[in-house]
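First the structure, then my questions, so here it is.
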Ligand code: GDP
Ligand code: MN
């Protein structure tokens, strides 16, 4: 799960991490009070969307101006003006894709005077099974670009969970950033606090870009991007409450209500499969025959009819879906449950695209019978290969017609 920058900063502040003071604004009318709560004399007005690259982003609407999604305001009037220009507009950045993201929240912050910009991130390194730090003097820019052109400027190390965070880790960060004296001390302090926040809140990723040295010699986090391990959300109600569903894919939000493993993709063939491995294989074979999957969906082992019905409805509601392939190998999952779910869903919402079903395993005969007796226009298939060929053919025929 991802959260907004202002939420991440407020969370980091709880752990004592130095971040500028700021106030989130959801309605243009509230800009006035927000500006008054801050000291100025310079304010930063920041579009809050779950994507980076906002500073260099562009708004679709001309009335939003061409100053990007992060703007420095030199007066309270200008700050209010920027809030009005951004709210409700669509910001396109390198990370949002062409469609962009609507800005529903803006963050106003006390502006900082920047001396130097650094990069710092933390993530769970699956190879070492440890929390890793990634640090670079090249902050404020695209880290992928730095990794490509100046890999030697990126320093990485991980923290052994058996010892936890220690002063040596802070010294490594300070050294990587070329800091000494009081700034090295601040780096040590920051490293420890970030680690405690990361582990304490079960984060999956934390990125501070830029981490700055202010002109009066203070280390400060100017941006913060945080994502959490979904499997640990149950023990962080405070974090779960920060979820902003308007930032997420509506189909994925719906799927998560039913505990379905669903991911939207950009192809045309909707897939309903049980088991992640079989789902992957199904996506591969669709590709092999020249089309692309519209989604990844693993309905899981012991899915109920309600769950299957919900899954099928999510697929049929997707306007990109030109055909559906149901591929079930019934082990724990019973084929008759799948068939009943499909039939219920189609009765509720109808079916306007071709449907190919391949069932195998537990209760396969009952499953086929349910489909046959339903009167639905279902093409049945014998194996994976046959199923993929049939759905690709059906989609192409429909398009030609
Ligand atoms: P991003 O573009 O989505 O990564 O958003 P950031 O929060 O990183 O802001 C973009 C850029 O705006 C930063 O890299 C800074 O150069 C600049 N910026 C942000 N806050 C301030 C500030 O308080 N003072 C100054 N001078 N620049 C800022
Ligand atoms: Mn940034």
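For all residues, glycine too, the Cβ spot is worked out from N, Cα and C.
What TrEMBL says about a protein is an automatic prediction, not a curated fact.
For reference, TrEMBL lists these features for the protein:
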- 46, 53, 54, 55, 109, 112, 117: ATP binding site (BINDING)
- 209, 223: Mg(2+) binding site (BINDING)
- 274, 331, 332, 333: substrate binding site (BINDING)
- 9-254: domain 'ATP-grasp' (DOMAIN)
Using only C-alpha positions, which one of 53, 209, 223 is spatially nearest residue 333 (substrate binding site)? These are the binding-site residues in the record.
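Nearest listed residue in space: 53.
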Under 6 Å from ligand 1 by Cβ, which binding-site residues from 112, 274, 332, 333?
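Result: 112.
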Where the criterion is a Cβ under 6 Å from an atom of ligand 2, which of the binding-site residues 46, 109, 209 meet it?
209
Which residues, same chain and not among 274, 331, 332, 333, have a CB within 8 angstroms of the centroid of the CB atoms at the recorded substrate site?
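Neighbours within 8 Å of the Cβ centroid, excluding 274, 331, 332, 333: 275, 300, 301, 302, 303, 328, 329, 330, 334, 361, 362.
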For the ATP site made of 46, 53, 54, 55, 109, 112, 117, how many Å separate the two farthest Cα atoms?
19
Once near-sequence residues are set aside, which residues in the chain of residue 332 (substrate binding site), 6 or more away, have Cβ atoms under 8 Å from its Cβ?
301, 302, 362
Average the pLDDT scores across the domain 'ATP-grasp' (9-254) and report the rounded value.
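Across the domain 'ATP-grasp' (9-254), the average pLDDT comes out at 95.
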Sequence gap of 6 or more, Cβ distance under 8 Å: name the residues on the same chain that satisfy this around residue 117 (ATP binding site), in order along the sequence.
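Within the chain, residue 117 (ATP binding site) has Cβ neighbours under 8 Å at 139, 140, 210, 211, 212, 222.
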